[in-house]
Amino acid sequence: MKRIGMLTSGGDCQALNATMRGVAKGLYNTFEDVEVYGFLEGYKGLIYGNYVKMKPSDFSGILTKGGTILGSSRQPFKLIDEPTPEGLNKVEEMKKNYNKLKLDALVVLGGNGSQKTANRLSQEGLNVIGLPKTIDNDIWGTDMTFGFQSAVDVATQAIDCIHTTACSHNRVFIVEVMGHKVGWITLHAGIASGADIILIPEIPYDIAKVCEALDRRTKQGKGFSILAVAEGAISKEVAALPKKERKAAVAAAAAKYPSVAYEVADKIKEYSGMDIRVTVPGHTQRGGSPDSYDRVISSLFGAEAVELIKNKDFGKLVVMRNNEVTAIPMEESAGKLKYVSPDDSVVKYAKRLGISFGDE
Ligand code: F6P
């Protein structure tokens with residue numbers, strides 16, 4: 001008899017259910033006798049012992065269903081050693097509930113913070129397998145996370161729609177794309193939708209350069225322009241500040257504007273007098289059905305998790321490397337983010353296509 005726990009943690013994405021289905025199908029196909037326990041609302045369920053014993057039918061018909069049938073919650077890693085409001089030691093409670101259920105393994109579908117917690121549990125002696133979830137594609141060690149491509153599709157569609165109206169009215173539009181720390185979604189959706197300017201956190205922008213790029217388009221006879229701007233885009237002046245001052249400047253801007261896109265719009269208006277419209281697709285980028293690519297990789301990731309369980313090869317994070325599904329030690333990835341490098345070939349080729357990043 002195998003007893004496997006599973007949880008979905010952090011911000012949701014389109015392919016969480018597809019991935020759980022992949023794990024479950026693999027488990028039921030591999031082991032004669034297996035019980036699957038789903039912890040509710042991420043690590044909260046493991047801490048408080050809130051779980052459901054799942055049936056094979058729970059995993060039927062969920063391949064295309066967005067969100068997560070188990071629910072999710074954010075559990076910031078920095079709070080892991082702080083007690084719960086009731087004074088419970090979180091790590092000890094998680095170990096206790098894992099042992100109470102006599103689990104053979106715990107499968108964690110989560111992003112960076114969640115994988116850090118998974119690594120901690122693994123170091124505490126639990127048998128843990130991590131599956132790389134996030135729309136941001138910023139987990140170190142994997143070329144691809146499930147959820148990313150679907151989010152890129154939603155953001156691309158939003159920018160496509162803006163394109164047609166921008167063109168009709170000869171307007172400049174900013175579409176704000178998700179990504180506070182990293183710009184992968186903005187970079188890919190920007191290229192996919194033919195954005196003229198892409199601003200991401202890793203390449204701080206100079207507003208004069210942004211306005212020059214807009215001017216160039218006007219001079220070429222283009223009446224409209226589209227900017228794809230990441231939630232965490234930052235100006236060169238602010239990025240150059242020492243950490244404390246930088247944090248204060250970002251907080252001051254956040255108090256003044258609803259979000260970064262409005263700040264950029266204001267700066268462009270101030271600099272060039274242009275009238276700008278802003279669109280924020282927001283959490284639509286995490287919603288709806290996973291696209292076909294995500295359905296494929298999440299199914300393969302699920303199957304790899306089962307292979308690791310079968311081989312008792314724990315403490316591993318399932319990853320995609322050079323188009324191959326494989327696994328790496330969790331500790332190699334935990335605590336590191338995968339940023340867009342300004343020298344990334346995608347950035348280089350985008351620049352060659354004439355896309356401005358507002359930096360030169
Ligand atoms: O990590 C996924 C993500 O959607 C980021 O792209 C975004 O910056 C953040 O979560 C939004 O967080 P929340 O769902 O807590 O508003």
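Glycine is no exception: its Cβ is also placed from the backbone N, Cα and C atoms.
Positions annotated as domain 'Phosphofructokinase' by TrEMBL: 3-309.
Neighbour density for Asn112 (ATP binding site): within 10 A of its CB lie 24 other CB atoms from the protein chains shown. Marked as ATP binding site by TrEMBL: Gly11, Arg74, Gln75, Gly111, Asn112, Gly113, Ser114.
As annotated by TrEMBL, Mg(2+) binding site applies to Asn112.
Residues or ranges marked as site 'Important for substrate specificity' by TrEMBL: Gly113.
Per TrEMBL, the feature substrate binding site maps to Thr134, Ile135, Asp136, Arg171, Met178, Gly179, His180, Glu231, Arg277, His283, Thr284, Gln285, Arg286. Listed in sequence order, Gly11, Asp12, Cys13, Gln14, Gly66, Ile135, Gly147, Ala151, Met178 are the same-chain residues six or more apart from Arg286 (substrate binding site) with CB atoms under 8 A from its CB.
If you look up TrEMBL, you'll see Asp136 marked as active site, proton acceptor. Asp136 (substrate binding site) carries neither a helix nor a strand DSSP state and counts as coil.
Taken in sequence order, the binding-site residues Gly11, Gly113, Ser114, Met178, His180 that lie near ligand 1, meaning a CB under 6 Å from one of its atoms, are Gly11, Met178, His180. Every protein chain considered, the tally of other Cβ atoms within 10 Å of the Cβ of Gly11 (ATP binding site) stands at 19. Arg277 (substrate binding site): 15 other CB atoms within 10 A of its CB, across all protein chains. When the binding-site residues Gln75, Ser114, Thr134, Thr284 are compared by the number of other CB atoms within 10 angstroms of each CB, Thr284 has the fewest.
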